[in-house]
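Notes follow the structure.
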Amino acid sequence: MYTHSHAHTHTHTQPPHIDYPLLVHQNPVCLCYVEPQNLTGVLEFLLLGFSDDPELQPVIFSLFLSMYLVTMLGNLLIILAVSSDSHLHTPMYLFLSILSLADIGFTSTTVPKVILDIKTHNRVISHMGCLIQLSFFILFGCLDSVLLTVMAYDRFVAICYPLHYPVIMNPRLCSLLILVSFLISLLDSQLHCLMMSQLNFCINVEIPHFFCDIPQLLRLSCNGTSTNKLFLYFIGAIFGGIPVSGILFSYTRIVSSILRVPSTGGKYKAFSTCGSHLSVVCLFYGTGLGVYLSSAVSHSSRKDAVTSVMYALVVPMLNPFIYSLRNGDVKRALQRLLNRTV
């Protein structure tokens, strides 16, 4: 059924006003253009963030800025410590420095936008900007996941085949693993981006989140059908399930190998080499799974935004502390780096 109506006017700068026929879907609140692809360039989203209360904005601004600076500093220190200390030029610490780089990218896709929005009182993001943010968020998030799997494999080889470790984990294989991790993450992000670019949106779309989150966009789209959701879950099962399976397999073999060590001291020494990694894995997958499970059962979008802070900001911020506090080699390297700086 078609009706002719004037499009609502944005509060922001718009091209000259044009009349478009609106398509009324079964959902009465969703009025979409018949030819939305012609307007993709001017379609904008409004990121509602956490709260509309003006008194809370300085608190949110200070909290996000301080956490972002701590995240950047912590991860940069890990990268500098690994690159400057010859004792840490091993596969495990090479993967750790790449993980820190991925964490910097992961946080930088969302947090600077939040800080800028609060400072400028402008929460608008374009359709293209939303897709770019989404692409980089998925890219670095998937890179984190795949790198954690690569690090689990590294620990598996180190504990189960210690004598063959230098031969198996040679520089060529390490470089190949990093390249493959990046390519897998790029493929995942582009598949998500391609799927989201097919969605049509209503006029004046408000996203009750602090970044362009996939579940929110699917919920707000005019054609976010069950087919899109099934495809999304399929991609998630492939790119999320395979890394988790790899980690579980590696740690099953690691635990069985450690249990065969006769002395208690030997068991503790063997397990301490992968304690930091296991902590980060539990934190990363635990918070990510918790957020998406809570968004599935919760009807409050603002609560979803608050819980999303856990994996979007808190996890990348804590990773350097987990590795530096639980790892003597990193602590000594950081101490030497700071002594040279002073």
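Using N, Cα and C of the backbone, Cβ positions are placed for all residues, glycine too.
Positions annotated as domain 'G-protein coupled receptors family 1 profile' by TrEMBL: 74-323.
Residues 49-51, 96-97, 100-101, 103-104, 107, 111-112, 114-115, 118-119, 313-314, 316-317, 319-321, 323-324, 330, 334, 337 of the same chain lie 6 or more positions beyond the ends of the transmembrane segment (59-80) yet place their CB under 8 Å from a CB of it. For 59-80 (among others), the entry in TrEMBL reads transmembrane segment.
Taken from TrEMBL, the feature transmembrane segment covers 92-111 (among others).
As annotated by TrEMBL, transmembrane segment applies to 131-153 (among others).
Here TrEMBL flags 173-191 (among others) as transmembrane segment. For the transmembrane segment (173-191), the residues of the chain that approach it from at least six positions outside its boundaries are 91, 94-95, 98, 134-136, 138-140, 142-143, 146-147, 150, 153, 235, 239, judged by C-beta separation under 8 angstroms.
Sequence annotations record features per position, and here TrEMBL assigns transmembrane segment to 230-249 (among others). Away from its own ends, the transmembrane segment (230-249) comes close to residues 142, 145-146, 148-149, 152-153, 184, 188, 191-192, 195, 214, 218, 281, 285 of its chain (Cβ-Cβ under 8 Å, at least six residues beyond either end).
Residues or ranges marked as transmembrane segment by TrEMBL: 270-293 (among others).
Taken from TrEMBL, the feature transmembrane segment applies to 305-325 (among others). Sequence-distant contacts of the transmembrane segment (305-325) (same chain, at least 6 residues past either end, Cβ-Cβ under 8 Å): 49-50, 64, 67-68, 70-71, 74-75, 77-78, 96, 99-100, 103-104, 106-107, 110-111, 208-211, 213, 276, 279-280, 283-284, 287-288, 290-291, 294-295, 331, 334.
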